[in-house]
Amino acid sequence: MASLNSALRTAQHVRTATRGALLWGYEQKLAREVKANGKLPRHLGLILDGNRRFARAAGLQREMGHSFGADKAHEVLQWCLELGIPSATIWVLSTDNGSREPAELAHILSLLEREARQLAVDPRIHANRVRVRAIGQHDNFPPQVLAALNNLEESTAGYEGMRLNIAVGYGGREEIVDAVQSYLRTQAAQGATLEQAAENLTPDAIGAHLYAADQPDPDFIIRTSGEIRLSGFMLWQSVYSEYYFCDVYWPGFRRVDFLRALRDFQGRDRRFGK
């Protein structure tokens with residue numbers, strides 16, 4: 001019996017190793033195809049969904065799901081750098097998430113502070129001259145979180161490499177409201193009346209006051225977890241974005257899933273409403 005169990009374990013190890021080797025080979029093939037095609041998003045949007053469900057499926061505390069999700073964000077940043085994607089926005093925390101249980105929200109904000117401090121000294125950020133910006137409404141964040149985000153932004157402010165936007169306290173409708181308010185304040189500072197401000201209002205005028213106005217609109221947006229909805233992510237900018245919905249939870253998002261999504265994007269014909 002012992003020898004039979006040993007043989008079964010050996011066979012299982014062989015099957016696992018074989019599957020791993022096949023997946024690795026497939027991943028390398030995908031990477032070559034994506035690189036050879038050369039058509040990559042100028043601005044990639046990532047909706048990081050499924051942290052809590054990942055933890056629940058694995059029998060873990062939900063806080064662990066957020067921790068694994070933070071680790072995955074570091075991996076995906078590396079994949080973007082390897083491919084030379086110019087700009088990426090990752091949606092970490094929505095305005096609606098602010099209504100979650102205090103203990104969970106405190107854990108997420110603590111993670112955000114930790115990750116911001118780590119990114120500020122991450123050799124990859126400085127070697128690749130990645131400019132990092134936190135976008136969203138942060139007025140209600142704890143002072144130590146705000147300090148960490150401000151330090152990260154200041155330490156990369158002069159860089160002209162990849163642009164990385166971390167959307168925290170972010171909502172698409174709130175962004176549009178903020179943009180309109182900013183536009184009106186600018187018009188008032190220039191001495192315009194309300195009637196003149198209304199006459200001057202155009203889509204481009206609002207676009208100039210969005211959080212990432214100096215970057216191209218996202219041309220490709222990936223959402224994990226199998227949920228097929230937009231949830232207000234970059235509402236104004238995503239009018240012509242291509243979407244890809246991936247069935248895996250964010251912490252389980254693999255490089256092969258990332259490459260499959262990009263290959264799908266490369267096969268699409270973007271018509272921009274025409």
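Every residue gets a Cβ built from N, Cα and C, even glycine.
What Swiss-Prot says about this protein:
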ACT_SITE  D49  active site
ACT_SITE  N97  active site, proton acceptor
BINDING   D49, E242  Mg(2+) binding site
BINDING   50-54, R62, H66, 94-96, R100, R223, 229-231  substrate binding site
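Comparing the binding-site residues H66, R229 by how many other C-beta atoms lie within 10 angstroms of each C-beta, the top residue is H66.
Other Cβ atoms within 10 Å of the Cβ of R52 (substrate binding site) number 21 in total over all chains.
When the alpha carbons of F54 (substrate binding site) and the residue listed as 'active site, proton acceptor' are compared, the span between them is 17 angstrom.
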